[in-house]
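According to TrEMBL:
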- 1-31: region 'Disordered' (REGION)
- 1-14: compositional bias 'Basic and acidic residues' (COMPBIAS)
- 38-595: domain 'Aminoacyl-tRNA synthetase class Ia' (DOMAIN)
- 71-81: motif ''HIGH' region' (MOTIF)
- Lys558: ATP binding site (BINDING)
- 645-791: domain 'Methionyl/Valyl/Leucyl/Isoleucyl-tRNA synthetase anticodon-binding' (DOMAIN)
- 850-915: domain 'Valyl-tRNA synthetase tRNA-binding arm' (DOMAIN)
Amino acid sequence: MPETPEIPRDRNRQTDTPATPDPAPTGSAYEPEAVEAKWYHYWEDGGFFDAEPDAVLEGGKEPFVIPMPPPNVTGRLHMGHALQDTVQDLLVRFKRMQGFEALWIPGMDHAGIATQNVVERELRKDGVDRKAIGREAFLRHVWAWKEEYGGIILQQKRRLGDSCDWRYERFTMDDGLSRAVQDVFVTLYEQGLVYRGDYLVNWDPDNQTVISNKEVDNVERPGHLWTVRYPVVDADGVETGEHIEIATTRPETIPADTAIAVHPDDERYQSLVGKTVKVPAVGRIVPIIADDYVKMDFGAGALKVTPGHDENDFQIGKRHDLESVSLMNLDGTLNEEGGPYAGLDRFEARERIVEDLTEAGQLVKTEDYPHTVPISSRSKAVIEPLLSPQWYVAMEPLAEKALAVVNDGTVTFHPSRWANEYRRWLEDIRDWPISRQLWWGHRIPVWYPVDPETGERDEANFVVSVDSPGEGYVQDEDVLDTWFSSWLWPFATLGWPASTDALKAFYPGSVLVSGYDILFFWIARMIMAGTHFLDRVPYTDVFVTGMIKDKQGRWMSKSLGNGIDPLDMIEQYGADAVRYTLGVLCAQGQDIKLDPAKFEGGRNIANKIWNASRVFGRFVERDDEGRPTEDLRRERGFADLDLAERWLLTRLHDTVEAVTDALNSYRISEAAHLAYDFVWRDFCDWYLEVSKAPFGETPSRETLALSTEVFEQILQLLHPFMPFVTEELWWTLRPREAGDALIASTWPTPDSAETDAEAAQTFSTVQDLVTAIRQVRAQYNVPPSQEVRTVIVAGDADTAAAVEGAREYVERLAGLSALTIGSDLEKPSASAAVVVGAHVVYVPLEGMIDLDVERQRLQKEIDGKRGFLTGVEKKLQNEAFVSRAPEAVVTKERQKAEDAKAEIAALEANLADLG
């Protein structure tokens, strides 16, 4: 096999780290448009996405490799891409920060049928026909189109933040990959695993090519069942007066019938087996045979056998040595075997044949009959089973190894249920038809000798070779199935079949992220190819994403007009918001109902951390351009920190540990939620409030140092999800060298020496107590500016002492004028009471609110709720309503009653508190 050159190492790459971009405007809201492009250029130009084989082979770094599912060259970024790319990119960024030599291999698929169709449509607009200009000219048009329009999707992926090593970018029609594809065909042929045979194929009359079973959608459609009478004839072809009736949904195939089959146990027809009938419309004489396949209870219990146009009939034909008549032309019209119907479209022929059968008195009846129709997933044409010589791959030998590596745990699916689906497909695998009647694609490396006088090619004496055997040979006109190139993607992109450094360093890969829709097409076949050609799996983990649907759970489609363009969402909310939202929604293997409004949540967290940095960042010394000049470092040891600080570092330790574990286990949504909880609730809502309370607008340098230290790790935790805003803020925290980027920083490591479970528990109690007091304020409309008195009755003396130690936090955060803490205190009069764990919190209301007015308000609200409850209960006591209304409506009314009772009980408790 010829050697494939090494991956080029200098494509559009600067030799020095580029200058750090200027800081973005520090307004009150994050502005993605001021941040995203500059940082992407900085990362790409600075080589931060690069993965070097030497770092693995000589430097001893552990590789982490993801092969990107190559999008079609005709493609545009859609939400499915955005979801899968978000998952892949966050894993790559995470592993890169963990110290792995992380490689994400980008590229595009030539997409045979789709691309050929696009270019044909463009040519037709100019009045140019593909067949008129010929193959070579047409392919020049395809390549020209590819150079001008192909690859737009890869630029769109940059908008999302994909941190691929673009030097590895490959196209499935690249010279190296094309050679690998043809070499594989030759190798499989030499191993007896590629063969040519006449079999029924799924023929797409619109695209005029064969497609695999997995590219066929079986769709339920309304139709008809026609019962037709076939006359029995003697040896001379004379009708005997007997007849047999068959039922069919496809009368247009009657001209290709070569037998009538009945079940051997069907007593109605046993006397007819061995006799012959005359096929209506064309007059062919065919035998009546007995076969176990026939269903005695379908129709009249007899089956027309059409081996050339039905897979089951084909198998019957093989068992009984029947002729297979091919009735259809490649465009779906009937050929000369159709007799008087030759030249008609198959559906027009159906109508004509039914008319003629009716006129001849041979149509017994017509019934409405919904049934399953095979539809091309690409062209949406009705598939025609067609007898055709095609090239196949024998799949059972390849499937054996691919099954074994899943069964023994070498390859793990996330979620695991997809392993069962994988096994189901491979245990019932069929041979793979790999030839396609197209011009765009990898041409099949088979050569036929041509008779110099007649110009006819000798189909029987072909030569299988990548290169031409010489003069007097012509190459097979067909191309290989697109999947026949993409199943080699994990290793062919690394230079295989040559033994390149890239292949040695980065194969096998680590994880594949893909949708379940191509579990068999691509995921399983790549495992087959890897285990067969390299005797190693292409990846050890498969993360299967769900599919994105609209907010109503419908598939997104042009016809419904319910598609959501990720680029529109990026323009509106920013790439970080889109990525984070998709990460939150990405529960393993579950379909996503996507409402565009959900991206608002992603934008909110971007704004939250943006403004959090401003809370303490405005006190950091900076130069005229806004860059920090002060490098704040914590000097106090952990034991010298106050309660809130020890709680914060303990929570940080737990969060880092949990997020790391979740990402390592591909629990993407869980990781996003964990990071969110710490950032939003712990750091922003609690710690920043605590840290600024004692000292107002002038925090100590030690407080700023701790805030900076924790916020740095927050940015690291969020960076895989939200790379742009986190990189921007990273440079605002302290002075850094030009290459000291967040993307290249070291992932946080949990430090068990900086944890204090007791402090964490105590501060958690503080949070609960403060929350309870704030709820009382809200419940009784006490404004935040008004100080209140509170009594906390602890469960025992020890817990009282713990709360006493945290008194200052409760007083400041709850806005208290006085706080009494003890374990045996009496309830103050006219107090609101809240149970908080082992504690009871009393907030005396006298003097804060007008008790009489509040009593009247509560009583009025109670009366209103009781009136509402009475109305609901009357409705539920009405037997006519309960028996006739939909169950969901009745259930809703019952829930209304329960909610009203709970609200009344709460209001009565509040009224009782007032005395």
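Easy rule for this one: first residue shown is 1, then count along the chain.
Placement of Cβ uses the backbone N, Cα and C atoms for every residue, glycine included.
Counting residues of the domain 'Methionyl/Valyl/Leucyl/Isoleucyl-tRNA synthetase anticodon-binding' (645-791) by DSSP class, helix then strand then coil, yields 100 helix, 4 strand, 43 coil.
Here the domain 'Valyl-tRNA synthetase tRNA-binding arm' (850-915) has a mean pLDDT of 88 out of 100. A sphere of 10 angstroms centred on the C-beta of Lys558 (ATP binding site) encloses 7 other C-beta atoms. Residue counts for the motif ''HIGH' region' (71-81) under DSSP, helix first, then strand, then coil, are 3 helix, 1 strand, 7 coil.
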